[in-house]
Amino acid sequence: MKVMEGNLVGTGLKIAIVISRFNEFITSKLLSGAMDGLKRHGVNENDVTVAWVPGAFEIPLIAKKLAESRQYDAVIALGAVIRGATSHYDYVCNEVAKGVSHAALSTGTPVIFGVLTTDTIEQAIERAGTKAGNKGWEAAVSAIEMANLLRTFA
């Protein structure tokens, strides 16, 4: 049996991060976690590009543009969508998830979904570096693994 998997060595990888400014008190913590994860796995800080967008809904377009540029081995999408009193939450979450998936599938570049979709601010805080770890860190490690896995197809 042949097993294919990516390693977690980030040396030489070029990574783009698309991050939402909305809920920045959460997303900035996701970015810190992602940068820490990338650096600890050997990605040079100079090989990381960060693109800020107004909100989560704008993430897919910029993620796709970055992936299409072929300058990056992976793109990480970071954001925080917190449920409110209207159905807006559902629309945003669904469209962002579909858009990020489409960006990856249409370009062949890994686009990692690191967008929190939580019911409460407390849940978002927990996932941005407290009780439930840091989903930015997890997204960074996934980006490294997927970039290296895709290299096995070259």
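Placed from the backbone N, Cα and C atoms, the Cβ positions cover glycine too.
Record features (Swiss-Prot):
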BINDING   Phe22, Ala56, Phe57, Glu58, Ala80, Val81, Ile82, Phe113  5-amino-6-(D-ribitylamino)uracil binding site
BINDING   Ala85, Thr86, Arg127  (2S)-2-hydroxy-3-oxobutyl phosphate binding site
ACT_SITE  His88  active site, proton donor
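Reduced to three states, the DSSP call for Val81 (5-amino-6-(D-ribitylamino)uracil binding site) is strand.
Distance noted between the C-alpha atoms of Ile82 (5-amino-6-(D-ribitylamino)uracil binding site) and the residue listed as 'active site, proton donor' is 10 Å. Over all protein chains present, the Cβ of Glu58 (5-amino-6-(D-ribitylamino)uracil binding site) has 19 other Cβ atoms lying within 10 Å. Residue with the densest Cβ environment among the binding-site residues Ala56, Ile82, Ala85: Ala56, by other Cβ atoms within 10 Å. Residues Ala85, Thr86, Arg127, recorded as binding (2S)-2-hydroxy-3-oxobutyl phosphate, reach a greatest CA to CA spacing of 23 Å.
Of the binding-site residues Ala80, Val81, Ala80 has the largest number of other Cβ atoms within 10 Å of its own Cβ.
According to DSSP, Phe113 (5-amino-6-(D-ribitylamino)uracil binding site) is assigned to a strand segment. Mapped onto three states, the DSSP output places Phe57 (5-amino-6-(D-ribitylamino)uracil binding site) in helix. Fewest other C-beta atoms within 10 angstroms, among the binding-site residues Phe22, Phe113, are seen around Phe22.
In this structure, the C-alpha atom of Thr86 ((2S)-2-hydroxy-3-oxobutyl phosphate binding site) lies 24 angstrom from that of Phe113 (5-amino-6-(D-ribitylamino)uracil binding site). Separation of the C-alpha atoms of Phe113 (5-amino-6-(D-ribitylamino)uracil binding site) and His88 (active site, proton donor): 19 Å, rounded to the nearest whole number.
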